[in-house]
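A.B. asks: As annotated by Swiss-Prot, region 'Domain I, interacts with DnaA modulators' applies to 1-83. According to Swiss-Prot, the feature region 'Domain II' maps to 83-125. Among the features that Swiss-Prot reports, region 'Disordered' is placed at 104-125. Swiss-Prot lists 112-125 with the feature compositional bias 'Polar residues'. Positions annotated as region 'Domain III, AAA+ region' by Swiss-Prot: 126-342. According to Swiss-Prot, the feature ATP binding site maps to Gly170, Gly172, Lys173, Thr174. Look at Swiss-Prot and you will find 343-462 tagged as region 'Domain IV, binds dsDNA'.
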Amino acid sequence: MSLSLWQQCLARLQDELPATEFSMWIRPLQAELSDNTLALYAPNRFVLDWVRDKYLNNINGLLNDFCGTEVPLLRFEVGSKPAARAHNNPVTASVSAPVAPVTRSAPMRPSWDNSPAQPELSYRSNVNPKHTFDNFVEGKSNQLARAAARQVADNPGGAYNPLFLYGGTGLGKTHLLHAVGNGIMARKANAKVVYMHSERFVQDMVKALQNNAIEEFKRYYRSVDALLIDDIQFFANKERSQEEFFHTFNALLEGNQQIILTSDRYPKEINGVEDRLKSRFGWGLTVAIEPPELETRVAILMKKADENDIRLPGEVAFFIAKRLRSNVRELEGALNRVIANANFTGRAITIDFVREALRDLLALQEKLVTIDNIQKTVAEYYKIKVADLLSKRRSRSVARPRQMAMALAKELTNHSLPEIGDAFGGRDHTTVLHACRKIEQLREESHDIKEDFSNLIRTLSS
């Protein structure tokens, strides 16, 4: 056997794991193979414990695949492998350079906006060059959305048209819109890409009507290469705007021009929007963005800290991520607060320091999400009684909500499995563990369970 064994394992793990997980937990490991023992060296105890807890089965399975009957013993250590200590050069995940900002001519207002008529339309891109695919942290919660957005950026008008992204506030929908815009313009510098909030479309239409320039308005919006509209739910109950957008939508699709829309809810759940529009929203691909799971939350914090040239210990990132779960914006806001406090006081960023810097935020979070609150919310959602969740009844109409509530308690609180089991009628920790695994499996297999979980997370985190 040679060290290429670990290289083979790395190649398979890179294929099997999300890119952020692989870069954060697996790539930093150094390997040494001798005397039928494969030693894996982690940069610190936190990474070692995490890898051993989360990926040991994956690694052992690969060793069995590659080695057959001559499987080496696996050993974990903290530090660098002996040969590397003299020239310590830790391996880190390579990050592609961000897309270079596209040179654009100075934006000019369309003629309905009270400026003199122009011989050619000038497009307000509004795309933020800072939001790219390279600095979007990928995880299970947003993997499909990012992949779809990437395909649209590479092949606008041809792949997934329209693309409809939906999910709660602060989960990365707007970032992906800008990333698509930047991706399209990186490939074609003169592409006519327009990003806007849905309210801006309404405002532009009102101005066009006031200035007797509705034909100019139509020509502008129907001649773009890509139209990216955020928060489409704000079209609700605006009948004239919906009418105009309906015709704009049809014109763009007929011209193979790309449309990307975002909303805080599934298209058919948007109240106050015409059925014919909601139907069209689903013509292409509709993708949910879920609240980030723990590993992704940790990766987001580490990446944000790195962008600010701040050394954030892994155990501190884990501490914050375990307690703030609702969205990316909340995570980044908390980290900014920690960094500011550290800069003002000159103190090192430790768990105790974070407890102090975020004490009001952490106290509020713990107060808002309790097992009692979860039980009441789940019972109301499934139209059963809290007493049913605590009972011994095993019918599916009760057992499934009970499993859902247990899984949410594990996700949203800091209680141990035995504590959660005790709160559900004195059940043991193995019952809770089975419930969590069952819901995780069903979220992969059942759209309804996935929607239920997302809706309940959104309700409990808001």
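Cβ coordinates come from backbone N, Cα and C, glycine included.
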A.B. asks: I want to check the contact list for Thr174 (ATP binding site): same chain, sequence separation of six or more, C-beta distance under 8 angstroms. What comes out?
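C.D. replies: Set apart from Thr174 (ATP binding site) by at least 6 residues yet with Cβ under 8 Å, we have His131, Asp230, Thr262.
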A.B. asks: Among all the protein chains here, how many other CB atoms are within 10 A of the CB of Gly172 (ATP binding site)?
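C.D. replies: I get 27 for this one.
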A.B. asks: Starting from the Cβ of Lys173 (ATP binding site), draw a 10 Å sphere and report how many other Cβ atoms land inside it.
C.D. replies: 24
A.B. asks: For the ATP site given as Gly170, Gly172, Lys173, Thr174, which other residues of the same chain have their Cβ within 8 Å of the site's Cβ centre?
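C.D. replies: Result: Gly167, Thr169, Leu171, His175, Leu176, Thr262, Ile289, Asn327, Val328, Arg329.
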A.B. asks: Around Gly170 (ATP binding site), how many other CB atoms lie within 10 A of its CB?
C.D. replies: 18
